Amino acid sequence: VANLTLMALGSSAPEILLSVIEILSNNFYAGDLGPSTIVGSAAFNLFCISAVCVVSIPNGEIRMIKDTNVYMVTAFFSVFAYLWIFLIVSGNTPDVIDIWEGIVTFLFFPLLTGLAFAADKGYLSSVQKRELSSHDRVIDKADLSKEELASLELRLRKQHGMELSDEEVARLIGKETAEPKSKAAYRVAATRALLGGKRVKTGGSADNLQDSKKSMSSVVPEQGGLGSCPDDSPAPSCFVAFSAKNYAVMESVGNMLLPVRRTGDLSVPMQVDYKCRDGQAKAGEDFDAVEGTLKFEAGQEELKIAIKIINDTACEDDEDFFVELSNPRGIGQDASVVALGSLSTARVLIVDDDIPGILFFEQEVVEVQEESSNKKMRVTVKRKDG
């Protein structure tokens, strides 16, 4: 819509002004400058700019039309404009433009804008256009505006935890915009998400599926809502859960604090058990597994679970593990009924920060003396950083 209004009007403003000035000065007779300039400029836009866009694509790369509905609308009007000009100038009243013809020509502008807007929103297709999620589009970090970067940062913080540092957010944005993904890659990513964020392996899929069901059952209650209870027991008035479903920490963070919050009636003390569960990250190798009980005093809203992240020098993929809450219970005879909230399992992603380094030759050019017999020579390869 912006291309069809502000940009198109701005680029065509000189030609329109020249044509208007010429017509007014010639008692509404068209001269040699106005119409010819407008038609020539339109032809240039249609052919030359399209040709430049085609030949500028690098070898081995392709470009696709994002929305064919918008393309068809603009393409139709681009060709129809020439037919309409020919009709009103040479067909209906030769060399004379009637008032109604000028009004209709002017009204084509809002009509084109409205149809292009409707096509862009998907109103002209049988299946309405849906907004692209982060898994449906290819993101190029260089093409993102400040507003889009801010939106991406907010989404990552909501997904992995608002406590992420700027360095961690930058690392996650880098992974998000690292390289284009194919449909097959997104299909694999969706399968990984179903299996609790783990890699898809040829074996052990049944175990992964059981882990996924276990994780889902601890998060989603059987009867909906925050929790369920027998019909003859009082409804829960206090819920305990993690602040977010996903967290991300750098491997060199040392100790991380996982917040657990209470909602509802905070006047009664309660306690809840917690323990770690392996994912791709293994206890003792990537993190120190913890298990214990959190005790909330009356009025206390939040406690934190401390987990030590083991830092090593090996370059490896990002790995995750899970922390689960269980067995919530009140303290005291008059304690209100407590239950787990919807976020009773948290996924912690350990972002690897070990750089493998750069390999390079010690010398760019090595000279050897040619001899009659075979001879071995030593070429030194060094590693920088890592």
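Residue positions begin at 1 at the first shown residue.
Glycine too: its Cβ is placed from the backbone N, Cα and C atoms.
Noted in TrEMBL for the protein shown:
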COMPBIAS  205-220  compositional bias 'Polar residues'
DOMAIN    224-326  domain 'Calx-beta'
REGION    202-228  region 'Disordered'
TRANSMEM  38-57  transmembrane segment
TRANSMEM  69-87  transmembrane segment
TRANSMEM  99-119  transmembrane segment
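Within the domain 'Calx-beta' (224-326), the DSSP-based counts of helix, strand and coil residues read 3 helix, 53 strand, 47 coil. Summarised as a single figure, the pLDDT of the domain 'Calx-beta' (224-326) averages 84.
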